[in-house]
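Annotated features, as they stand in TrEMBL:
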- Gln150, Val151, Ser152, Arg153, Thr187: FAD binding site (BINDING)
- 3-268: domain 'HpaB/PvcC/4-BUDH N-terminal' (DOMAIN)
- 276-476: domain 'HpaB/PvcC/4-BUDH C-terminal' (DOMAIN)
Amino acid sequence: MRTGAEYLSSLNDGRVVLVDGEKVDDVTTHPAFAPVAQTIAELFDLAADPANGMQYTAPETGGPANRVFGIPRSQEELRARREAIQTWAQHTHGWVGRSPDHVGTFLASFAAHPEVFAEGSRDFSANVTAFHRRLLADNLYVSYAIIPPQVSRATTASGWEGEFLQVGVVRETEEGLIVRGSQMLATGAAIADEILVSCIKPLGPDDQDFAVSFVVPANAEGLKLYCRRPYAPAATSSFDYPLTSRYDEPDALVVFDDVLIPWDRVFVDRDIAGVRRQFFDTGAHALGNWQAQIRFATKLRFIAGVARRVTQVNGVDKIPSVQEKLGELAALVAGVESAVLAAEYTATPDEAGQWVPGKRALYGSMGLQSEIYPRVLSILRDLVGGGVLQLPSSVADLTSPLTSGDVTHYVQSPGVPSEDRIKLFKLAWDIIGSEFAGRHQQYELFYAGAPFVVKGAYTYRNYGYEEPLRDVEQFLAAYKSETA
């Protein structure tokens, strides 16, 4: 199984990553990408060590593979998959939102239902299963870009001024499709092996040219990755910004300048219904978001631990009003943790034998995520108070003879060394106040779609209102008015 070192060595492949108006020579050494690339390498090393229980024998290849990329064929395999996902999530404490297991899960579900990719004008089912075998054999990191650029939300791509602002097919050749345009939001693409490109937003009847799905190497000729401003280079040290300095994932706009997509990499070709089927008729959307909820629960648990430790250091953990806030925090975290397990407990096999998490619990939790995460941060803000604003400017204040005496004397708590207190509160600031923190709040609010979409399209439709309606109707039918 591929190791972290092998993953890192593969990234220096000529890919075009653009930051601050310049091309990045090597993402493994650039300060914007090297830290999170190292984190991903650590994940691959965890999976490569048999002691961590993340390996299994994949029936598709007959060799060892990473459980997070496998198709769960039983409830026991679904449980083992959750445990493997949790192993990775625990290593990053949930702060890497697009770790390789996310898109890898979508691809596994695609491969579980190859028939979905044979329903269009061409049969691409063999492409899907072949790429999944490669994912298993090579332990790949695949990112995705499945959202159109925010040119206008008033209409779809066919109604925009200017041709091919969204990625679409310009023409086809004997070798494959020639695509042009852009797509977002490719988190992690700058340090990924491959990018899955498609469109999860509903397309209009005139958007056929944009109804595609394919995988493309991150170093494909004509492909460019325009990354947002990175936060890691501004992190003065891992002591001052412990999360930013490790987990700053690059979000990117992917631009295609007439890129050739060979036929064996095409999953959907100009089929509006097909791009919807791949996400919702394969179980991919449910399994992929279950992975996201496992990670989210891990992240919330970590924040709860920070909050609890802050109250201990401040000596307020015995105050009833503080315990009330910690209790609310515990309830919020436990709700997401419970939904993850409930989705597993209520999972059922689909017609292909793939076990899919229970959608009522899964999408129920997702429906509240846009409210849960801000509330969790708000509670942590209340508990840290002004302590995060009156911190030494950097770790240098602890080591400089000019400043260390005053800092260690005045910035302390009973029984807690000055350095430990400062370290804890700097961690809290990186959760609630840094640019990294702001990006994470926006990410958790919108990664699965706008809140009204998640609640209306997913939570509402998957709750199963037929059952409570039937209960009410039976109750109402059981009695009559006294005048009847």
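Placed from the backbone N, Cα and C atoms, the Cβ positions cover glycine too.
Here the structure is a predicted model, which means the values were calculated and not measured.
Among the binding-site residues Gln150, Thr187, the residue whose Cβ has the fewest other Cβ atoms within 10 Å is Gln150. Around the Cβ of Val151 (FAD binding site), the same chain contributes Ala157, Trp160, Leu165, Gln166, each under 8 angstroms and 6 or more positions distant in sequence. The binding-site residues in question are Ser152, Arg153, and the one with the fewest Cβ neighbours inside 10 Å is Arg153.
Spanning the listed FAD site, residues Gln150, Val151, Ser152, Arg153, Thr187 have a farthest Cα to Cα distance of 21 Å. Over the domain 'HpaB/PvcC/4-BUDH N-terminal' (3-268) the predicted model carries a mean pLDDT of 97.
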